[in-house]
Amino acid sequence: MQSISILGSTGSVGQSTLRVIAQNPGGFKVVALTANENVVKMLEQCLEFQPETVVMVDGDAAKQLVAQLAKHGLQNISVEIGQQGVVAVARDTASATVMSAIVGAAGLLPTLAAVQAGKRVLIANKEPLVMTGDLFMREAVRCNATILPIDSEHNAIFQCLPEGGETRAVRKIHLTASGGPFRGRKWSELQDITPEQACAHPNWSMGQKISVDSATMMNKGLELIEAAALFSLPQSQVEIVIHPQSIIHSMVEYIDGSFLAQLGAPDMCIPIAHALAWPSRIMSGAETLNITDIARLDFHAPDMENLPCLRLARQAATAGLSAPAILNAANEVAVEAFLQGQIRFTAIAEIVDATLNNVQNRSNDTIDDVLHIDNEARGVALARLESNQF
Ligand code: NAD
Ligand code: MG
């Protein structure tokens with residue numbers, strides 16, 4: 001039986017992870033669950049999975065949860081508070097596996113703690129990889145951690161690479177992108193897009209932040225940087241291809257001309273089940289794919305002129321050093337402001353662009369450097385959005 005802790009269990013990936021675990025009784029012991037503030041969802045999960053420990057980052061939420069657990073006779077579940085609690089759970093040897101499914105930079109320190117504890121770490125939370133790049137992967141090697149990608153594209157690539165992840169014979173990685181809800185529309189026509197419209201993805205059901213990133217295509221930009229870091233490849237070897245059906249989740253092209261692809265229904269339970277069981281296989285509970293129903297698969301190159309966020313991400317990837325961390329911080333600030341109704345949809349790209357131009361790109365050799373740059377970039381992005389009418 002595999003002992004697992006889930007960071008961000010109340011989110012979209014966290015819930016899918018528990019769904020896969022529920023499909024495989026006797027396979028997993030849920031040691032700890034963490035969330036920001038969703039008491040209702042956390043209580044439901046405690047009733048079903050009976051973890052030993054729960055962390056609520058928000059103090060009031062933690063108090064409410066304690067009261068609710070007592071009401072349901074679950075006083076034996078220990079409730080911890082705050083980010084330090086999340087880091088402690090990630091590090092705690094009671095779990096051999098950690099699912100990193102927090103959204104954004106908030107996942108950096110807990111994910112790193114799991115890596116430094118030498119665990120098997122399932123990584124959905126892409127922002128820390130974007131921020132730290134090679135540094136993160138070097139730490140994984142140093143601490144003997146096993147990194148298993150959950151992001152569907154990266155999981156597909158992992159499945160298409162030889163055991164051990166050897167990439168010497170890889171010519172290119174082709175990351176597929178659905179194009180999001182506004183595929184085919186001009187960026188200049190998207191001024192009045194609302195958060196509800198941006199979050200309505202045609203193929204995937206996801207948390208709000210990644211849904212907005214998918215709508216701007218910044219998500220594919222972050223994934224490009226994530227892929228280069230995860231598989232130690234130069235970003236120039238990572239191509240983006242628009243594939244509206246979201247059936248091929250990515251492809252690896254080898255020097256002999258062979259392409260290997262992973263196909264499946266667009267359901268996160270599939271990559272989650274793969275990583276949970278790797279190197280074995282378990283039931284995911286996902287719908288099986290009827291390939292004759294799909295009948296055709298389309299591919300085309302992205303129109304970079306019309307996708308400013310993807311363009312900015314490619315530029316940041318090329319610039320290297322701290323540029324990806326600056327891009328990520330500015331994007332997190334801008335997406336949050338958009339979701340709060342403070343800025344227009346198209347201002348997201350303007351704020352990221354301005355932040356990249358106004359924070360000095362420098363080396364980030366330590367996690368402290370990364371945190372410093374992240375903080376500085378957030379300040380610049382915030383000042384930018386406060387000083388302008390977007
Ligand atoms: P979500 O918003 O649905 O869930 C986020 C989780 O993180 C929640 O449990 C929330 O309580 C917790 N959280 C939020 N802020 C926190 C904080 N400051 N400190 C600690 N915990 C906090 O997000 P999601 O869609 O599940 O995405 C999670 C991560 O996985 C993101 O990095 C996303 O890019 C990546 N991802 C998601 C999908 C998907 O289908 N949803 C696919 C691929 C990758
Ligand atoms: Mg993805």
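Each position is counted from 1, following the chain as shown.
Using N, Cα and C of the backbone, Cβ positions are placed for all residues, glycine too.
The domain '1-deoxy-D-xylulose 5-phosphate reductoisomerase N-terminal' annotation in TrEMBL covers 4-133. The domain '1-deoxy-D-xylulose 5-phosphate reductoisomerase N-terminal' (4-133): residue composition by secondary structure is 65 helix, 28 strand, 37 coil, according to DSSP.
All protein chains included, G11 (NADPH binding site) registers 25 other Cβ atoms within 10 Å of its own Cβ. The NADPH binding site annotation in TrEMBL covers T10, G11, S12, V13, N38, N125, E127, G207.
Per TrEMBL, 1-deoxy-D-xylulose 5-phosphate binding site is recorded for K126, S152, E153, S178, H201, S214, N219, K220, E223. Annotation note: H201 (1-deoxy-D-xylulose 5-phosphate binding site) sits in a coil segment as assigned by DSSP.
Counting residues of the domain '1-deoxy-D-xylulose 5-phosphate reductoisomerase C-terminal' (147-231) by DSSP class, helix then strand then coil, yields 39 helix, 11 strand, 35 coil. Summarising the annotation, TrEMBL assigns domain '1-deoxy-D-xylulose 5-phosphate reductoisomerase C-terminal' to 147-231.
Annotated Mn(2+) binding site per TrEMBL: D151, E153, E223, in sequence order. There are 27 other CB atoms within 10 A of the CB of E153 (1-deoxy-D-xylulose 5-phosphate binding site), with all protein chains counted.
Under the heading domain 'DXP reductoisomerase C-terminal', TrEMBL lists 263-378.
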Which binding-site residues from the set E153, H201, N219, E223 have a C-beta atom lying less than 6 Å away from ligand 1? none
For each of the binding-site residues (K126, H201), count the other CB atoms lying within 10 A of its CB, then report the residue with the highest count. K126
Going along the chain, which residues six or more apart from N38 (NADPH binding site) have their CB under 8 A from its CB? T10, A61
May I ask which residues of the same chain, at least 6 positions away in sequence, place their Cβ under 8 angstroms from the Cβ of V13 (NADPH binding site)? M99, A101, A124, I150, G207, M268, I272
